[in-house]
Amino acid sequence: MRFKHFLGLHLGSLLVMLLIASTPLVRAEVEQDFADEADEDGKVEDVQEDNELEEIVYESPVYDQNKFYFADHFDDIAESRKRWVKSQAKKDDIAEEIAKYDGIWDWEPPQRIVSKKDIGLVLKSKAKHAAIASKLNKPFTFKGDSPLVVQYEVTMQEGQECGGSYIKLLSHGVHTEDLTKFNDKTPYSIMFGPDKCGSDIKLHFIFRHVNPINGSIEEKHCKKPKDRLEEPFKDKLPHLYQLVLRPDNTFEISVDHKVVNQGSLLSEFTPAVNPPREIDDPEDKKPKDWDEREKIPDPTAKKPEDWDDDAPPQIPDPTAVMPDGWLEDEAQMIPDPSASKPDDWDTEIDGEWEAPLIDNPICEKAPGCGEWKAPLIPNKEYKGKWRAPLIDNPNYQGKWAARKIPNPDYFEDLTPFKMTPISAVGLELWSMSESILFDNLIIADDIELARDFAAKTFDIKRKYIDKESKTLWHRLMRRINYKPGWWALYFVYLLIPVGCYVFYLYGRAKEESNAEAKKTDAVQPDDVDATATAGGDADAAAASSGSNNSTQKSSPKTKKSDLDVKDDEVEEKGAESAAAAAAATNSGKESQDDDAEEATTGETTTKSVRKRRVPKDQS
């Protein structure tokens, strides 16, 4: 009972310490969740308990297709399947066994279900080329005064290590008439979306610009965002990507309604949209006598007479002396005397056989063997190679540069927004992660229309997931990135020192319990022999004092020691005669010797005999 109380006290203390340690983390997370609910005006919504939260219901959005160039929430599986066409093409310049677009596409709910009505387009396979496309309701021509708004959701349900989740807005033309032939060479006007491989994380925005002079096409790549957008690739949550491209050539890229990149088509892309007005004249050559040396060696300088160019940087120490016992006639390495030429050694092929070298055993106890050389020390006379000091070049003409001429390929496109019209949207991907879910893809010319669509889809789902995550379990699962198996192993690892500590407490409590038992009058197993011996001595003492035999009969199981038998004989002889008394005295000395021998086997028995002899001497 004492051990259980002791162990319970320590375990209770450990639990309290863990709770105290975790309290700041829980409080910080609650404060962060509370801060995240702040709206753009700085107002904060009331945070209620989970059982008081209003029910969040997702419904498939109802919208007018005529207001969109493209819109698909994928919830109506039958209707969505009619729109999308899986590619049957093959990639060029690649091995036949991996050239085919055989990635698997399917319509299914997300792994974290918000509503049974919520369905997405899922890339099921990994390490396979996959392509699927759909035509727009009508082409977007880039000729009006309305912006282009592209918006879609991506959920990397298994995370992402290497692969893309971007979309392509396919250029209008013969290549989009048959989408079963959609491949990586199909012309596109814009490519937009996330991509990652290893530590290289990108949010692509690429547009293909048409040269107004010769009609050639060149890809223009947007500069990377300042912030590293890593969370969408590992948190396994839906994320909303939006691209707004305006007629004034400005663009804005948002992730989850937060602007992460913005600028102008004329300044934020490489290579630049417009080439330079002037270029270097390719016919202009640098003259042979052109001197562009700023400094030259002083021609009037002369090397000092005491300057030795050949002096070495180090010389042998002239004061060094060979140590006593140095064996100059012994080699440091000698052929191994125990080595023998292999039986298959062919002198004509392998050459003359030589035994491998080993350290000379004679040199082990000597300061050294072989030729002795004095250690090197810095040479005070060393100055290096002499060089004349540098002076300004009086004939310096500056850095030569070719003259500029007008760029024959120069053009100035002040409206790069006016791109090649788009008439289809496609996903042409390769990924090392499976189950990438695409949802709520729209192409429109109205920003408010796109925001309203997001409010009815993405915002509701994220609100549901965020509030669901406020429960203890989902909050814990989110912290461990929805991989409880690894964290279970980590928990077991942490239990190892706890188990050792509990085992230590158990052993310590057991030792204290035994120590307390030793302090009581209860008979212990170690004392059984001593108790039996003491009982026999007591019976003998009672017999010698003339007590009745009932005392001895009360302990029939007690066996007399050899000392008790000898004492009885001595007492009988003492009663007969004085001579026997003298013999009894000698026998008493012999008994004392016997006592000394028994003292080597047990201190308790010796003490009992001495106590018995006191009343005998008095009698």
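Any Cβ shown, glycine's included, is placed from N, Cα and C.
Remember, TrEMBL labels are computer predictions, not curated facts.
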Cys197: disulphide-bonded cysteine as recorded in TrEMBL, out of Cys162, Cys222: Cys162
Packing count at Cys162 (disulfide bond) (other Cβ atoms within 10 Å of its Cβ): 15
Neighbour count (Cβ, 10 Å) for Cys197 (disulfide bond): 14
